[in-house]
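Not my notes, these are from Swiss-Prot:
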type	residues	note
TRANSMEM	1-21	transmembrane segment
TRANSMEM	34-54	transmembrane segment
TRANSMEM	63-85	transmembrane segment
TRANSMEM	89-111	transmembrane segment
TRANSMEM	118-138	transmembrane segment
TRANSMEM	156-176	transmembrane segment
Amino acid sequence: PIAGSMVLAAILLKLGGYGIIRMMQILPTTKTDLFLPFMVLALWGAILANLTCLQQTDLKSLIAYSSISHMGLVVAAIIIQTPWGLSGAMALMIAHGFTSSALFCLANTTYERTHTRILILTRGLHNILPMATTWWLLTNLMNIATPPTMNFTSELLIMSALFNWCPTTIIMLGLSMLITASYSLHMFLSTQMGSALTNNQTEPTHSREHLLITLHIIPLVMVSLKPELII
């Protein structure tokens, strides 16, 4: 069920990060050097999840692994225990909550018309559903964290906090973000570009679907314009 996937990616997955933030506040203050193994594990987990995204052929699985990779960055930022790290983690959880939920919604829109989630079989939708292609482009750009979205602000805060703590982490962060851009563009090009494989009659997108995506995009744009609301 797509509603379950949207709630899972947008809310339940982020509750773990929120729980870690609350736990870190009640734990006694310790040197961040003790958290180095967890930091490396979180960043390495983010890279592995990103690499898993690259080899996915199932659209829904790709978006799910994308959510997991972003949570690796969130955990790494929380562990540092700096104001920038916590602000970046909170902002990324909120921003990616909207983004991943919108991506799942778009994946369902595609599935309802093609009856498959295989990337190669869903291509050529830009000729059939041009407005849905626009939504795909916007959400993928937000997933990549292009400015001036909230995703960009949050990842910039996380990168700054991690680089200030240990400059070597920029290698893992840079690799993670490069792979994120690769699979996001791959997902967009695979589902939208090319020629459609089926000649079946496809019904146009409904107003309810546009409304659903708009209700994801508008709060994200508002938070991007006024980040003081959450940072």
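Every residue, even glycine, has its Cβ placed from backbone N, Cα and C.
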Using a Cβ cut-off under 8 Å, which residues of the same chain at least 6 positions beyond either end of the transmembrane segment (34-54) come close to it?
62, 65-66, 68-73, 75-76, 79-80, 169, 172-173, 175-176, 179-180, 182-183, 186
Run the contact check on the transmembrane segment (156-176) against the transmembrane segment (1-21): 3 or more C-beta pairs under 8 Å, excluding pairs closer than 6 in sequence.
no
Who are the long-range neighbours of the transmembrane segment (118-138) in its own chain, taking Cβ under 8 Å and residues 6 or more past its ends?
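For the transmembrane segment (118-138), the sequence-distant neighbours (Cβ-Cβ under 8 Å, at least 6 residues beyond its ends) are 56-59, 62, 102, 106, 109-110, 187-188, 190-198, 202, 204-205, 209-210, 213, 217.
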Grab the same-chain neighbours of the transmembrane segment (63-85) for me: Cβ-Cβ under 8 Å, and only residues 6 or more beyond its ends, written as numbers and ranges.
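Distant Cβ neighbours of the transmembrane segment (63-85) are 5, 9, 13-14, 16-17, 20-21, 24, 29, 32, 35, 38-39, 42-43, 45-47, 49-50, 52-53, 56, 92-93, 96, 100, 103-104, 107, 143, 155, 157-158, 160-162, 164-165, 169, 173, 176, 180, 183-184, 187.
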